[in-house]
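Here the structure is laid out as structure tokens; the discussion comes afterwards.
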Amino acid sequence: MDTGEAAFGVASLRLRGSMASASSRRAPSYRDYDVFSIASSSRAEAEDDEEALKWAALEKLPTHARVRKGIVAAADDGQGSGAAGEVVDVAGLGFQERKHLLERLVRVAEEDHESFLLKLKQRIDRVGLDFPTIEVRYEHLSIDALAHVGSRGLPTFLNTTLNSLESLANLLHVVPNKKRPLNILHDVHGVIKPRRMTLLLGPPGSGKTTLLLALAGKLGSDLKVSGKVTYNGYGMDEFVAQRSAAYISQHDLHIPEMTVRETLAFSARCQGVGTRYDMLTELARREKAANIKPDPDLDVYMKAISVGGQETNIITDYVLKILGLDICADTIVGNEMLRGISGGQRKRVTTGEMIVGPARAMFMDEISTGLDSSTTFQIVKSLGQITSILGGTTVISLLQPAPETYNLFDDIILLSDGHIVYQGPREHVLEFFESMGFKCPDRKGVADFLQEVTSRKDQQQYWARTHQPYRYIPVQEFACAFQSFHVGQTLSDELSHPFDKSTSHPASLTTSTYGASKLELLRTCIARELLLMKRNMFVYRFRAFQLLVITIIVMTLFLRTNMHHETRTDGIVYLGALFFAMVAHMFNGFSELAMATIKLPVFFKQRDYLFFPSWAYTIPTWILKIPISCFEVAITVFLSYYVIGFDPNVGRLFKQYLLLLLVNQMAAALFRFIAALGRTMVVANTLASFALLVLLVLSGFILSHHDVKKWWIWGYWISPLQYAMNAIAVNEFLGHKWNRLVQGTNTTLGIEVLKSRGMFTEAKWYWIGVGALFGYVIVFNILFTIALGYLKPSGKAQQILSEEALKEKHANITGETINDPRNSASSGQTTNTRRNAAPGEASENRRGMVLPFAPLAVAFNNIRYSVDMPPEMKAQGVDQDRLLLLKGVSGSFRPGVLTALMGVSGAGKTTLMDVLAGRKTGGYIEGDISISGYPKKQETFARVSGYCEQNDIHSPNVTVYESLAYSAWLRLPSDVDSETRKMFIEQVMELVELNPLRDALVGLPGVNGLSTEQRKRLTIAVELVANPSIIFMDEPTSGLDARAAAIVMRTVRNTVDTGRTVVCTIHQPSIDIFEAFDELFLMKRGGEEIYVGPLGHHSCDLIEYFEGVEGVSKIKPGYNPATWMLEVTTLAQEDVLGISFTDVYKNSDLYQRNQSLIKGISRPPQGSKDLFFPTQFSQSFSTQCMACLWKQNLSYWRNPPYTVVRFFFSLIVALMFGTIFWRLGSKRSRQQDLFNAMGSMYAAVLFMGISYSSSVQPVVAVERTVFYRERAAGMYSALPYAFGQVVVELPYVLVQSAVYGVIVYAMIGFEWEAKKFFWYLYFMYFTLLYFTFYGMLAVGLTPSYNIASIVSSFFYGIWNLFSGFVIPRPSMPVWWRWYSWACPVSWTLYGLVASQFGDLKEPLRDTGVPIDVFLREYFGFKHDFLGVVAVAVAGFATLFAVSFSLSIKMLNFQRR
């Protein structure tokens, strides 16, 4: 619930006794907290009078004006006094004023937050107001889903096709549904009380997220739900649940270009102030009646958070402070390709985005992922204070809560396999499990115990009834036992008495759909869109530059000194120029597709959270782009109009400008609508290409109006480009330049030209065209709004379930025996991660690590790392050129020693690891790094090291087993045979417990496939199968629950025990995980080390060191040493103690020991040799090629949004073309017949090619991110990767071009001659191939998919212009004729037309010229040149493929 409810909810208007008399200046006898500023006798009389006068002036204002005014103390007044301040409008507080106000109210969040909230509560209580509260009940709640199980669930080409047909048959009730019902939650019930913090625990897959979504009213409609959820006795249909409660997702979806402050401010503005304003007015009224004068600072704060419509509300600054985000408030959020804040900070932004709003109930899903334990503790503590003091209702799901964080909660809900095992007070949970025979060991966190005690694999170690043999207690038995436990009985009794609705506070539940007025939401979205346009200005500048270049080319290509107004042929050339101008703006609008699609995930999240209606998003997107459209069209029209030699009439110039402006706007609106319809980049690209194709073919230029078949004439009349083409042609050809009468007729040349292409000849068609285009602009924007308003986000978080996993789940619930030999080996393992594990267990787990390796040590001395100073910091007055992130760090990592690299968020842990592992791509590195005494060489180091990145990056369309097989194939030495390799993979899978997931698809994070913890285990396994000597792990337990973290740490410990060097950054370890480490490398914020040394038994060495520092508080018995260590070494503690822990460390014996150790390791051992490998990579070039092709083949087969959609796109386009150009290929008696046939070829080549090029780009962009990780790991060189990416396309394009070619060739009616047929297939195949490879090349040459799509659209336009259809090669000026030979599309058209018609001698009926002569003279096409054309077309495919390979090899756009 709202932190700023730090103020309140609406009052219950209940008075608690008489107020003090109006004449009294003295507060009544409330002494608990000094909430109110009372004139002190020690103050000077003048100050007292001045203060009194200001308050008196405020008191005289009407209530609505008084709540907007407050007295702000001067910046240097640290006492919170308003005496020296001034009266201000609270809605207009500046950044510095807000900052100083918060400093006075909450100087240090850890220490002052609770007293601040108590002051707020005291002020509310004082006048007899109450906070609204919410009690959430859920009764007999069951949730089921339908899913395919096993291999049928994999999204392969075949499965997707079958599933689509099956879904259609299910709708028609032809066949039964073959999906299996999966039970997610089973008959759960409980009560969540206000003012109590509830912790939701449970292993992955237990149903935690589903329960939270159900309680927050955000379940998807595809789930089957029974039972009910009520708020204060009201059903979900009686109020707006999405605004009464806030759900905080575990997935961090944010706009990367916005800063942290901007992200939270936007959210606060959208969610509004709720009922704070109403409460404030009542509060002010009562205080005035009682003559109570509140503390000025508190008064200003409460007023400021109650006034809506502020660009940046002070509540944003408050939330930034309590979440520890104030240090990065003005840094952009960023993403994988755009450097921004850290993963832990991004997770806090996700939390802050919702708690700035006024919701009274909060459901938080895994909000601590990526955070260190002290930060998690502080955040949960702050949330707990808000909950208990201000009457909130809070449920938080945490994966690995430390004991001190666990103790902050009042109630526990423990879920396991969809059953509630326990819900009730935290104090009784251990009592319940002890009654079942299980006891939590000493030095074991209770939360960790609870996560593991219901697991079949972990339960036995906690069995406490030594006099009885252990038996597995299934989940169902726990759930039944809880019903008879006294806590369960109390809960049942409570549920049997319905909530009394009459006691529900009227302001508890929200009935309004949105948090602010519609006008305010529109203003907010306009402000954000302007901000994003400013941040993305490069895109618009680049687009304008492209248009300028194209315009210059058009001007010089259609130069008026070369253009004539003599014949109908001259007119057709001018018509081509007009057509191209129109097409250029259609292509320009194509780039809107990528920009709109990229923003959709964030839009859908905010829409579902009811931040704003879809129209508030679409109107700014449309309206704010109009000035850009005006500028872009001005470039093309005003520069080229007179140079080309269009009719020299100013009126016609501006009419052409208006028409092309409408085309530009229509195109942008159309592609935004298609983006909303497709929702994924691949599908949207395919739909957009299809739409573009249909519109242009039916525009009246490619195919004459008179030749459109009757069954397609409706398409002609609804095509916006038909109206545009007719209007722009009428505007030109009815001008005086074309008024000359054609010899032997009574019609002008202009009208003859229009008639020859089947266009309309009346002037009214210009205004009809303008009206139609304006209508389409409105219609497409309305459709865009409707699509965004009603369609669901694409892709669901899903996991492919195997039969084995289902059986195991059923057995865990019921207690039945599992007969699965594959898992039996691991079923007896425990999660004991301590170093004194049973010898038998250790040797059993280590058996998968027996491949030979060389133990290696890493030493580094005085490592400094800096980056260029961010512009945001320079703007705030920082004058240095570089920002130093690591300040002379030294240390060593040794074989057989497991080192924990720790520190608070922002300490530089990941930065140090990236520097040591050689993963930094930018910045400035200084210092020495040696490997077993020899200077580090990155190429060699990559062969012997592994790096588990914090972001789990994997190819999404392969299974878990295939990911491991691929890694092992490429990274294990070539002398390891296939059988050994497979056995090694199996052993690693067993160690990391991935066997049940072996056939699960990896998927994309947050979209589909593996869960966070499963993905994390896969990341570790991928590195382990490489058998490295040195392993770096960046937060291997982040995002895992306690049990999964224990599995991972057991694996890591076993890896170390084989003699490897392992270093892990770790954020929030439990006691047993922390003490699984041998040594600690502790850093503080700012990039300096403060402890480097052994932990000792039960962390005794670490504790002894820090307790030896004067002033440091002693550790409490049983307290987590990791948490204590982080708490006592904060910067705030340094200020309190007046010391620097860095200096303490540098002056210690430990530092001298480490320096000696570094010197020793930095000298090569006697008789040793530097690392040397005869080849750079483990495998030969040919093996790398085969492995990359193997993975790409699997990826393509399982990527139906790409392969299936593209296949059916080719099929539909073929049928469409066949019906539009039906039998036109057999007609060749007139010039127009040849133009029609060539039009079918031109349209197919250009637009199918564009579709293939556009749709491959997002696929390559996703895989390129994986490629950067795999190349950095030394798996392969760039060329084999490019080989796999290129070669895998060959069979797909072959099948698709063959399907298209056969259908189109037959339906259009080209000549049935084997040679001509195969020439047609040949040219179509290589054309689609070179377009596909060009799409890859565009991604390879640019940093992002967005830029690639804009660059591509530029070249599509150029190729269209020089294709030979818009203007034939002989008609081009001599200075541009050369480029037609460099344009691949012109070669394709040459080949297609010349192979079909170039050998025909029959004369044309309308001119009498033989066909072959006409083709040679008008187009420059010769039949005997076909061999050269064939080689050239294949050559372009080869050129683009080779260029893509070189771009991948030489360019790296990843910034680290």
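Using N, Cα and C of the backbone, Cβ positions are placed for all residues, glycine too.
Copied over from Swiss-Prot:
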BINDING   GLY202, PRO203, PRO204, GLY205, SER206, GLY207, LYS208, THR209  ATP 1 binding site
BINDING   GLY903, VAL904, SER905, GLY906, ALA907, GLY908, LYS909, THR910  ATP 2 binding site
COMPBIAS  814-835  compositional bias 'Polar residues'
DOMAIN    520-733  domain 'ABC transmembrane type-2 1'
DOMAIN    858-1110  domain 'ABC transporter 2'
DOMAIN    1183-1397  domain 'ABC transmembrane type-2 2'
REGION    812-844  region 'Disordered'
TRANSMEM  538-558  transmembrane segment
TRANSMEM  571-591  transmembrane segment
TRANSMEM  658-678  transmembrane segment
TRANSMEM  682-702  transmembrane segment
TRANSMEM  768-788  transmembrane segment
TRANSMEM  1202-1222  transmembrane segment
TRANSMEM  1242-1262  transmembrane segment
TRANSMEM  1290-1310  transmembrane segment
TRANSMEM  1317-1337  transmembrane segment
TRANSMEM  1347-1367  transmembrane segment
TRANSMEM  1378-1398  transmembrane segment
TRANSMEM  1425-1445  transmembrane segment
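Residues 603, 607, 614-615, 617-618, 622, 658-659, 662-663, 665-666, 669-670, 672-673, 676-677, 720, 723-724, 726-728, 730 of the same chain, all 6+ positions outside the transmembrane segment (768-788), place their C-beta atoms under 8 angstroms from a C-beta of that stretch. Separation of the C-alpha atoms of PRO204 (ATP 1 binding site) and SER905 (ATP 2 binding site): 25 Å, rounded to the nearest whole number. Compute the center of the Cβ atoms of GLY903, VAL904, SER905, GLY906, ALA907, GLY908, LYS909, THR910, which mark the site for ATP 2; besides them, the chain residues with Cβ within 8 Å of that center are SER342, ASP372, THR911, MET1083, ARG1085.
Taken as a whole, the domain 'ABC transporter 2' (858-1110) shows an average pLDDT of 85 in this prediction.
The distance from the Cα of GLY205 (ATP 1 binding site) to the Cα of GLY903 (ATP 2 binding site) comes to 31 Å.
Comparing THR209 (ATP 1 binding site) with ALA907 (ATP 2 binding site), their Cα atoms are 31 Å apart once rounded.
Ranking the binding-site residues LYS208, LYS909 by the number of CB atoms within 10 A of their own CB puts LYS909 at the top. DSSP assigns PRO203 (ATP 1 binding site) to coil in the three-state reduction, placing it in neither a helix nor a strand. With a cut-off of 8 Å on Cβ pairs spaced 6 or more residues apart, the transmembrane segment (1317-1337) and the transmembrane segment (1202-1222) reach fewer than 3 such pairs and are scored as not touching.
Within 8 Å of the Cβ centroid of the ATP 1 site, not counting the listed residues GLY202, PRO203, PRO204, GLY205, SER206, GLY207, LYS208, THR209, the chain contributes LEU415, SER416. It is SER206 that, of the binding-site residues SER206, THR209, has its Cβ surrounded by the most other Cβ atoms within 10 Å. Taking Cβ-Cβ distances under 8 Å and a sequence gap of 6 or more within the same chain, the neighbours of GLY207 (ATP 1 binding site) are ILE143, ILE184, LEU185, LEU415, ASP417, GLY418.
ALA907 (ATP 2 binding site) has a Cβ environment of 25 other Cβ atoms inside 10 Å.
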